[in-house]
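S.K.: Dropping the structure in here first, questions after.
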């Protein structure tokens, strides 16, 4: 049996880039909660003792940007300079302007257009992907890397591993076999975890705790054997972390946010963007389309692409590829996708309820992936029953 290795990485919520994603989405939540028509393009950057929020926001909401920044940093665990950032004493800069009137008239006619007339907020192309190798219909390498990152945070916050600090990265290499286009995971080849830690803990304690409290609960035993390679804090020391260790920026972790290197990516980031930005809403609807195709049994693996022009409601193109796993030809599946999914931005907002913010809805998406999550707020993960004319035998 011929096999190959494929690797996906993740970072947890204390990574500086992910901190920025979460702040940008916390701002989006606050705007949408008070004004569902808010137009938000919110970027964040951070370095030692500094967080800056900047971008274009047009909203009726009254938003305390500085409070959102400090609350988000505090909730992640950035409560002192020792751990990489002090939420209560760091410098917070805010540079927010209104959305360009040129963009506003072209996209939503200054809020005069009906939902089906609303144009895409920008040009671009987005991809959705699904595979039957896990219950989430997501790639196993990505699922495991993401869950390891989430588990690192869990054992830090619940006190199981008190030596942990907020910043951390994970990476999982899986050995796969290609079954006529479908991906079959054979075993986990390599597990890599680099996590920030305090001054007192030894490397042996780190390795022992990570194996016992992080890896064991996350990776099913059937995927591990005596040949599995573990790299646990291979650099030997990771005390300085968070924004003190590295600068952070919104939109720098787009592969971690999506499919871990599987499928494809159009390049547009998600966090801090309202649903008229098709970078986000377009990627969400094509994930729902790909997932629904695989869940319905029409294919074992599927990628869907959609593309847009600024100000134009209808997509320019829709593409489907099932990697040879389709039960019917791809052109038939493409027809089914077009008949069952409305790719116009205004209609995607309605059908996926994307104007509803608050309650940390979009903040939740900004760490541990936007897809494959079992949470009612992730409306794009709901499998849509597909209506189509089955060919007569």
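Quick reminder: no glycine exception, Cβ is built from N, Cα and C everywhere.
Reproduced below are the annotations present in Swiss-Prot:
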BINDING   9  Mg(2+) binding site
BINDING   15, 167, 168, 169, 235, 236, 237, 238, 246, 252, 253, 269, 273, 277  ATP binding site
BINDING   43  K(+) binding site
BINDING   56, 99, 246, 277  L-methionine binding site
S.K.: Would you kindly give the Cα-Cα distance separating the residue listed as 'Mg(2+) binding site' and residue 253 (ATP binding site), rounded to the nearest Å?
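M.R.: Between the alpha carbons of residue 253 (ATP binding site) and the residue listed as 'Mg(2+) binding site' there are 10 Å.
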S.K.: Using a 10 Å cut-off, grab the number of neighbouring Cβ atoms around the Cβ of residue 56 (L-methionine binding site), all chains included.
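M.R.: Neighbour count, Cβ to Cβ under the 10 Å cut-off: 16.
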S.K.: Between the Cα atoms of residue 56 (L-methionine binding site) and residue 237 (ATP binding site), find the distance and write it as a whole number of Å.
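M.R.: Counting only the Cα atoms, the answer is 40 Å.
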S.K.: Grab the ATP binding residues from the record (15, 167, 168, 169, 235, 236, 237, 238, 246, 252, 253, 269, 273, 277) and give me their largest CA-CA distance in Å.
M.R.: 42
S.K.: When you measure from the Cβ of residue 43 (K(+) binding site), how many other Cβ atoms are you left with inside 10 Å?
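M.R.: That number is 22.
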S.K.: Count the other Cβ atoms sitting within 10 Å of the Cβ of residue 277 (L-methionine binding site), across every protein chain shown.
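M.R.: So the Cβ neighbour count for residue 277 (L-methionine binding site) comes to 22.
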S.K.: Would you count the other CB atoms within 10 A of the CB of residue 253 (ATP binding site), including those on all shown protein chains?
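M.R.: Excluding its own Cβ, residue 253 (ATP binding site) sees 24 Cβ atoms within 10 Å.
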S.K.: Quick one: Cα separation, residue 168 (ATP binding site) versus residue 9 (Mg(2+) binding site), in Å?
M.R.: 11
S.K.: Based on the record's binding annotation for L-methionine (56, 99, 246, 277), what whole-number value in Å is the widest Cα to Cα distance?
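M.R.: If we measure all Cα pairs in 56, 99, 246, 277, the largest is 30 Å.
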S.K.: Give me the Cα-Cα distance between residue 237 (ATP binding site) and residue 277 (L-methionine binding site), rounded to a whole Å.
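M.R.: It is 41 Å, counting Cα to Cα.
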S.K.: Rounded to an integer, what is the Cα-Cα distance in Å between residue 246 (ATP binding site) and residue 43 (K(+) binding site)?
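M.R.: Given the Cα positions, residue 246 (ATP binding site) is 17 Å from residue 43 (K(+) binding site).
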